[in-house]
């Protein structure tokens, strides 16, 4: 675009500016990695995190929460997205907008009801108590994405399925979902990322040490090890690694997914 | 099960496309099966968000610790208390300062990087990845890392020392006059990649002929960016301003894990204050009233921004 008529001089300037801007962004990443290899040494630090702390336990708990959240969000999203995109019914616009209002809710604004409900039902330290409110705050966004995508599926294909005797549910499972792979991937990546990275709900709800989430690792470390910075950084690397690797492998998908709601 | 399948067969599954919002006509009532598909999402959203906000509204009229069987009704007393609470006002001020700083710097740096990378540059994809990795990292990890990096004996001061700028070294998070700016800096580090990717996507959509015409007319690069490119990105500017404002209102992990609202409440946000009142001090009633204020602010800002955006497009 702007660079179509670039000269050697403008390329040089661009290279220089880009490098200067990127250095402060790269510096903390490099620092975290290098520091995590310091102290008693890389092997000792990482081995200590994995074997001497409940790190793997926390990771497993987060995996359970993330998978549960992805499943609940995906089921609600595709089912409702299908109805909003491809069916006519009374109150459609009202119901759609009623769900979209949830987009602006800061989860923290319902801390009191969540806290009291969890207390009444005795659900402290139960992953379901994290999965349900987390999913409720994610569905408005994923539904908006899915509905906009599903509207684009040609009606002729659904009509053909109906003529062949497919039920509406059969059409959803055998036709709509297979045709929605791109948006499904975005919904799954988005929900997984949000669940894995969330701190607020686990902090509020998962109080038993055995039940904690991976984002609570830094707090656990600070309380157990004080300021053993190399080990803390090793735990941060391990906490970020699955997501960063997934991002590097699926770069376009992550960038599209994370900015999808913003590109209109 | 069989009756459900029957009703699904009768439901014609909406084969006529219609834009959302078309007025419901009489034949629509036959498509009742649609409600079955909506049910899971509706139960979830209504059950958690609507019921939660409603219950929260009721609790906000009480003087209650969240446990005792005999909450005392105080009407709008908690809201009066909030309006007279200097911590609430300073928390709103901190959120505003934080929002303005982060939004402006993130937009400027993101746009600069997106513009520069329209020129073929070496390592362009590496640069892109380095700027976007922070976006996918957990705020909990980012905050904990910066808490250490920004210590007086941390790596930032060490680098300043190495550059002979040791005099600029600071207790970044422990100095009440600096802590809020340091938090903004961490947020900018984490989220500039988001602005960058959005601007990059928007730049690729700009009509190349307009840019070429301006270049033919001899417009300088700076003039080209200012008068031709930036105005065409108004949708992206608006989006980043909205998401940045809502993001600032929602900010919690970052503050909780670095300064905890201190020193001397110099980085207290409404979110951290709500958490403190509700979880640490058992003031469920007051926490609920503060939550309602947070919610109303989020809604008002969204509506105002959307209205401004629509107005700007006309």
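Quick reminder: no glycine exception, Cβ is built from N, Cα and C everywhere.
Now, the feature entries from TrEMBL:
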DOMAIN    A:59-250  domain 'ABC transmembrane type-1'
TRANSMEM  A:12-38  transmembrane segment
TRANSMEM  A:58-82  transmembrane segment
TRANSMEM  A:94-116  transmembrane segment
TRANSMEM  A:128-150  transmembrane segment
TRANSMEM  A:171-193  transmembrane segment
TRANSMEM  A:232-250  transmembrane segment
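The transmembrane segment (A:12-38) shares the most Cβ pairs under 8 Å with A:232-250, out of the stretches A:58-82, A:94-116, A:128-150, A:171-193, A:232-250. For the transmembrane segment (A:58-82), the partner stretch with the most Cβ pairs below 8 Å, chosen from A:94-116, A:128-150, A:171-193, is A:128-150. The list of residues near the transmembrane segment (A:94-116) in space but at least 6 beyond its ends in sequence, with Cβ under 8 angstroms from a Cβ of it, reads 80, 84, 129, 133-134, 136-137, 139-141, 143-144, 147, 200-201, 204-205. Here the transmembrane segment (A:128-150) has long-range neighbours at 65, 68-69, 72-74, 76-78, 80-82, 84-86, 96, 99-103, 105, 107, 110, 114, 118, 121, 176, 180, 182-183, 186-187, 190-191, 194-195, 198, 201-202, 205-206, 213, 260-261, meaning same-chain residues at least 6 beyond its ends whose C-beta is under 8 angstroms from one of its own.
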